[in-house]
Amino acid sequence: MGPMSEEPQSGCSPSQVHIALGRDATEMHVSWKTANANCPSEVTFRQAGSGDGQLLRAGAPGVSNAVGYSFLLSERDMCSEPAASNEFMLYLHRAKMTNLVPSSEYEYQVAGSSTLRRLRSGVEPHPEHSFTFLAFGDMGDAVHAAAKSPGAADTLARLQQEVDAEQDPASLILHVGDISYANGDPDIWDSFMDGIQPIASRVPYMVAIGNHEYGYRKGSGKMVDPSGAAGPYQPSWGNFGPDSRGECGVMTARRFHMPQHPSQDELEQPAPGTPAGANAGAGGNAAGDVRPNAPFWYSFDYGSVHFTVISTENDLSPSSSQYAWLEKDLAAVDRCATPWLVVLLHRPLYVVYPHKSNREVGAHLRASIEDLLQQHRVDLTVAGHVHSYYRTCPVYDEACIPGFDQGSEDGDDYFHHSSSSSNRRSGSSSGSEYGCDGDGNCKHGIVHFTIGSAGHKLSEVERGQEEWLAASVQRYGFGRFRVEGSDRLVAEYVGSESGRVLDSVEVRATAERQAMCRKE
């Protein structure tokens, strides 16, 4: 194959470049958009330091070439109005870099561009691997929808600083739903994707599905729900409405290529002429089907953490296919290799006052999956949806575990049940093992983080709250999680405007979680 062009081709210059982890540390997915059809879907790459800084050419020593595929996405692929009436055509491309050396720096170049980009390959499972990931939800677009998401621009700027940091830069970005708030408007999606390119082209940008990506009402024409469901999820007890304005998850499923876990079969590219929604997350909802269904439910390993992503916009009842997959995924985690178990979802299990309808949904979610998460000693969850930041104590069945130190309120924008220390421990009492009382009675608890405050207008949190509320902050920001080996994790809430740490907590492995690793 001849050398790739050093100058952008007319209409084939890539934009909205972003990467995502593959099935293991030797793979990385690259996705992008072009203005024209019939553009090459290729990426050339090499290990950083193995070249002289010149452009990459396929076939040159040390240079590899990944050939992918492209597809058309248009309003015809949307489920219902108004998304189905907003005319647009997107030529989207995907390519998969393979045979990467784990934990290594790479240079890569997308066909049609002279820009040389850098990324770091994934990390193999290892119990003592330390790294930092960023997590948040509900950011939105900072340009076309700035009035709806006034905090998005500051958050994007801070995320860029975290990725560019010389010391301990962020390795992963996790966006847990309500991504662009496009609500059927393709121009807002384009603006959002342009905005995240500087960070999403450098570190994996992993997503979960939110109500503004998926919620819809079934249209009258041909409809393909990319989750495989026969129709929208609208239980009588929930506030599940047409919040995506007809997108039904198609825009997210086709723009973001999320991984399947190594133990599962990876989906193949769509056949020519296949509707855009047909294979985008085709794990299916058939009874007994326990395959992953990215981007709705899937999982991946990174160093010392196993991340499990679920969709609160789809059925999670014990009889559902998603529950069957979740049960299988959690049971298969090797806690000796990946001791930390983190669940990512959009709607939180624990909801603060005064959000009555969201509290009802949270109660049903707890009834469906809290016992399962507790059984497998999940360490923490990260959610969004409620446009605020708050975290719980290490909790199970609405009760804090032994040793959690209750305290007092801290101010107008801050609320803490723990001590005034800037580096709080997530439940600890002197003279006893974490999660155990003075009599040796031990119990595991999950710390639930709700970080729906990355950009969208903030919502209220009342002062009178449940005992399980440990802290809340009503300012724009994001979560910064520093994993320090197998037993310690420091979670910080960073203010988007100031860059200050507004809340900090040390999460440690409980005695019961540590027992999940039983080495021979």
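In case you wondered, yes, glycine gets a Cβ from its N, Cα and C as well.
If you look up TrEMBL, you'll see 14-114 marked as domain 'Purple acid phosphatase N-terminal'. Residues annotated as domain 'Calcineurin-like phosphoesterase' in TrEMBL: 132-389. Here TrEMBL flags 260-285, 411-434 as region 'Disordered'. Feature annotation from TrEMBL assigns compositional bias 'Low complexity' to 270-279, 418-432. Residues annotated as domain 'Purple acid phosphatase C-terminal' in TrEMBL: 445-504.
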Predicted model, mean pLDDT over the domain 'Calcineurin-like phosphoesterase' (132-389): 89
Residues of the domain 'Purple acid phosphatase C-terminal' (445-504) by DSSP state, where helix covers H, G and I: 0 helix, 31 strand, 29 coil
Secondary structure content, the domain 'Purple acid phosphatase N-terminal' (14-114) (per DSSP, counts of residues): 6 helix, 45 strand, 50 coil
